[in-house]
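Accompanying notes for the structure given below.
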Ligand code: CP
Ligand code: NVA
């Protein structure tokens with residue numbers, strides 16, 4: 001199976017991957033070697049700290065061999081078609097992890113690859129990040145049902161996958177963006193179908209940050225301008241500030257709210273220093289959990 005976004009998973013699958021992540025975290029270095037004798041290609045068209053390190057170390061600690069390639073070290077889509085690259089790579093490796101600009105390039109790779117393709121971030125989605133975030137929420141809150149999660153800022157890749165992840169585990173999600181920066185319409189539709197299927201959770205889109213923050217158990221934000229994004233930066237600085245997570249906004253949320261950010265953060269823009277460094281912030285747990293949950297993803301994929 002391929003993991004291009006979370007909608008390929010059921011609720012049961014997501015909960016299983018989180019459980020695996022928790023198991024791998026508890027048993028660091030003395031766990032089963034799920035990738036024993038296997039090789040994993042890890043491709044980056046854009047910079048990365050967390051994804052690059054966590055995948056490299058996850059593969060190594062699972063007994064496999066990680067092969068990291070940056071954009072300028074591979075022909076991908078330039079000197080060679082994505083189709084040929086995917087077919088050739090499938091003859092060498094057991095899985096492909098890729099961070100790309102265009103999600104449709106990932107879809108093309110998945111179409112021609114005979115080994116699993118895992119999305120390490122595209123312009124549409126960031127599923128591995130959200131699995132780590134759901135694991136973090138499980139650790140802090142012990143449950144998903146009945147929780148209100150508020151995402152504030154740009155309706156980007158992280159927001160899209162968070163919408164699917166929240167729907168899958170049955171949380172009540174409110175997404176607050178400026179007008180014109182709403183999340184992907186197809187993703188929103190899919191999430192609504194998931195919510196209907198399980199009969200739990202909800203999804204509300206608004207342009208009002210206070211409505212989102214009110215009584216929230218979780219506040220989540222991400223950068224206002226993503227990598228490869230061609231937004232008008234001047235306009236962004238004019239219209240996004242009301243969506244900043246700061247101490248004033250925190251007052252609307254529950255007393256035990258947790259504050260999340262996938263990182264890297266633009267401190268002082270989408271989130272203030274005092275909040276990201278404050279007692280509600282769980283950002284470094286999210287970053288750490290990338291390592292553990294991605295081991296869970298490999299275990300899950302290879303037992304299919
Ligand atoms: N959160 C995340 O994906 O970070 P990197 O860009 O550093 O990988
Ligand atoms: N939305 C951000 C996430 C980075 C991890 C971006 O795509 O740049």
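Every residue gets a Cβ built from N, Cα and C, even glycine.
Note that this is a predicted model, so its numbers are computed, not measured.
When averaged over the domain 'Aspartate/ornithine carbamoyltransferase carbamoyl-P binding' (2-139), pLDDT in the model lands at 96. The annotation domain 'Aspartate/ornithine carbamoyltransferase carbamoyl-P binding' is assigned in TrEMBL to 2-139.
Non-local neighbourhood of residue 127 (carbamoyl phosphate binding site): 3, 4, 5, 6, 119, 161, 164, 165, each in the same chain, at least six residues away, with C-beta under 8 Å from its C-beta. Residues annotated as carbamoyl phosphate binding site in TrEMBL: 48, 49, 50, 51, 99, 126, 127, 128, 129, 262, 263, 290.
Summarising the annotation, TrEMBL assigns domain 'Aspartate/ornithine carbamoyltransferase Asp/Orn-binding' to 145-300.
Per TrEMBL, the feature L-ornithine binding site maps to 157, 222, 226, 227. Taking all protein chains in view, 16 other C-beta atoms sit within 10 angstroms of the C-beta of residue 227 (L-ornithine binding site).
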Close-lying binding-site residues around ligand 2 among 48, 50, 99, 227, 263, where CB distance stays under 6 Å: 227
C-beta crowding around residue 48 (carbamoyl phosphate binding site), within 10 angstroms: 19
From binding-site residues 157, 222, 226, 227, the one whose Cα lies nearest residue 263 (carbamoyl phosphate binding site): 222
Among 129, 157, 226, the one of these binding-site residues whose Cβ has the fewest neighbouring Cβ atoms within 10 Å: 226
